[in-house]
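The transmembrane segment feature in TrEMBL is assigned to 16-38, 101-118, 124-141, 162-184, 190-214, 266-287, 299-317, 329-352.
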Amino acid sequence: MGLGRPQAWLLGLPTAVVYGSLALFISVLHNVFLLYYVDTFVSVYKINKAAFWVGETVFLLWNSLNDPLFGWLSDRQFLSSQPRLGTGLSSRAVVLARVRALGWHGPLLALSFLAFWVPWAPAGLQFLLCLCLYDGFLTLVDLHHHALLADLALSAHDRTHLNFYCSLFSAAGSLSVFASYAFWDKEDFSSFRVFCVALAAGSGLGFVGATRLLKRRVEAAGRDPGYPALAVDGSLCGEEPLAGGEEAGSITLGQYLRQLAHHRNFLWFVGMDLVQVFHCHFNSNFFPLFLEHLLSDHISLSMGSFLLGISYVAPHLNNLYFLPLCRRWGVYTVVRGLFLLKLGLSLLMLLAGPDRPGLLCLFIASNRVFTEGTCKLLTLVVTDLVDEDLVLNHRKQAASALLFGMVALVTKPGQTFAPLLGTWLLCFYTGHDLFHQPPLTPVGSAQPWPEPPAPPPAQAPTLRQGCFYLLVLVPITCALLQLFTWSQFTLHGRRLHMVKAQRQNLSRAQTLDVKTV
């Protein structure tokens, strides 16, 4: 019996669209989580301060360690040198394993998301368990989703094609932030719970549908090489394992870490990315503060809310423009251009001073959008590092998830450094301590940022000036550090082509002759 029309239409979707749709099912949940989980426990469940900080501390440790832990558990079997011909896993088996993992972990992520919005335990205990469960499943989903980017395509052109659809669907998923404002009410939480149930149901079902579709396409391509559009560039390999070294050798975690310590481009990249993660979270943490102290006299409350909301969507839309540039000029050149743009705009703002509200508004918004957009482009660089790691260490398969996990391990401390260093610098320069002031307007209330205490007239210019210098000097410093570290990164141009050619040669014997529509 032939396929029904809906099934046939779904099976005809390009792989890039199906892969990108997974980003939608992550984004619809995660943006709502980031915006409301703290306010829910503080204002609705009334968690006490000690329990809140214990939960956040445990979460900080778990959040830093689970990326390499899950990456190691997922990919440790790929770390040995290449096995004898006729043994080991095929690339198709690796992709199927990642797709099956997404099919299980995606719905579990949706269930763990639901656990935040219904009280089922003492607030402190629920806060700790919900954070760890949600972040654990989010890490598993992110690792396998990012690893598929490296496993489904080899060429930079095709990886940017996949990433283009990720940005498109992530932008669509970010619209859940705007929809959530219609349901958020701390006094009557029932409508917001129904909204979250709808989001979780849509996300969970979406994961099941998309992963089943990907699985069928992988299996069908194995049976019929003429099956349409499985891999982006034909890089998804067949049933035969990679041919290579004579012996299969196991590798310990210590040996793997020593290999990474000698991977020069990996070290320069994580140094640059640590600064990038710091800058991204610095912008997120201090975005409301900059609006309040630099622009509150010039923009309305609704305009502030709009800027806060659009900052979630704009980076994804921005990447729809930058990804075609990456195809043409290469990711390295585009990222370097964004660093130069960040430096140039910051110097221009420093020279213009804090009394140009229009320019300030544009700079605050563009600084956040371009910085977040750069973070999303760097995923493509990690996939290139996966290729280089495979070639340098003669692995039998690319350890994609593990390398993404190791990058996260080194760079996630930037999330913690951002608020700590930012508040210290502000206090050092102005004497204004953000942790010692009268009660603030609750998060998630009608005001999108806290209402600061009214300082004495003589102190007001100092605080405003401190915010301005923090706003412009942090991106200048970050840009200079990143331009230096990025100049030491050599995985581009001729070397990148050489690495990709070597990986393509390793997998040529098992390559399927398929193309993306």
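A Cβ is built for glycine as well, from the same backbone N, Cα and C atoms used for every other residue.
Note: TrEMBL annotation is automatic and uncurated.
The stretch in closest packing with the transmembrane segment (101-118), judged by the count of Cβ pairs under 8 Å and taken from 162-184, 190-214, 266-287, is 190-214. At the 8 Å Cβ cutoff, the transmembrane segment (162-184) and the transmembrane segment (16-38) share at least 3 close pairs (sequence separation 6 or more) and count as touching. Sequence-distant neighbours of the transmembrane segment (16-38) (same chain, 6+ residues past either end, Cβ-Cβ under 8 Å): 102, 106, 109-110, 113, 116, 130-131, 134, 138, 141-142, 145, 148-149, 152, 161-162, 164-170, 172-174, 176-177, 180, 184, 192, 196, 199-200, 202-204, 206-207, 210-211, 213-214, 217, 232, 312, 443-444, 516.
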